[in-house]
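Here is what TrEMBL says about this protein:
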- 3-161: domain '6-phosphogluconate dehydrogenase NADP-binding' (DOMAIN)
- 164-280: domain '3-hydroxyisobutyrate dehydrogenase-like NAD-binding' (DOMAIN)
- 170: active site (ACT_SITE)
Ligand code: NAP
């Protein structure tokens with residue numbers, strides 16, 4: 001079985017690397033071809049075009065930015081669905097709207113392509129360590145085929161039901177992520193405004209009932225006031241927008257959507273989502 005991997009961003013590179021290092025034959029394609037270099041160095045074959053990748057592979061993974069990117073890859077001119085896809089399996093791991101997952105499943109079915117939505121929870125660290133949590137929607141029989149591959153990417157691959165169920169669960173977990181990161185930022189800024197040192201506050205949180213691997217993982221970045229993107233803030237803003245479009249209208253969700261949108265407008269989109277701290281520092285009246 002040959003795997004085709006489309007999308008070599010922060011997540012795509014370590015995920016495709018894990019499939020390679022566990023023995024799968026992997027072909028790669030990325031819109032910006034130079035990003036394939038680390039995979040080629042590990043033994044992947046880079047194809048000249050998307051059509052060539054589709055032609056040479058049995059399973060087609062996509063891990064790209066957003067709905068527009070996935071649609072461009074599937075339905076664009078010279079896109080995946082314009083190639084010979086009949087009988088193959090496509091697994092989209094991007095975070096997109098459940099409605100788009102269902103649309104892609106329908107379009108794929110017309111072309112004889114089986115489709116799964118399988119977005120992930122966990123950032124670059126868990127991607128490198130194959131510790132992602134994968135949420136899957138689609139036909140159970142296709143999930144069974146995909147499971148051994150998904151097991152090389154994550155610690156759990158959960159089957160949730162029909163097309164769009166994976167992306168629905170992903171929007172829900174990322175709502176919690178957005179709210180949590182904003183909560184941590186507000187807590188640290190509040191503590192600082194009362195004269196409490198950030199390093200000591202992080203230590204207190206790490207010993208408390210609200211300690212999470214997330215906060216532990218962001219501590220160095222917070223203390224250095226340096227936010228290289230593991231999970232870009234623009235993607236968090238996108239996921240909260242998608243959650244809103246999918247119907248969430250609760251108080252914390254509304255607040256988080258507005259906060260990340262404002263941070264995006266402030267130009268922080270390419271930084272890690274923890275840069276919401278920098279935005280709130282400027283925006284919060286209590287900050288000093
Ligand atoms: P990223 O680093 O920004 O990479 C985005 C990828 O999408 C790149 O390969 C990019 O190609 C490609 N792309 C964007 N627009 C495209 C288009 N119109 N046509 C073709 N390719 C296009 O993103 P990431 O962090 O890897 O995230 C990928 C997905 O996983 C997103 O949906 C994100 O929400 C989700 N996710 C991310 C994390 C995380 O921590 N990073 C965690 C969980 C889920 P170029 O190289 O040519 O720009």
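Keep in mind that glycine also has a Cβ here, set from the backbone N, Cα and C atoms.
Using a 10 Å Cβ-Cβ cutoff, residue 170 (active site) registers 29 neighbours. Helix first, then strand, then coil: DSSP counts for the domain '3-hydroxyisobutyrate dehydrogenase-like NAD-binding' (164-280) stand at 86 helix, 2 strand, 29 coil.
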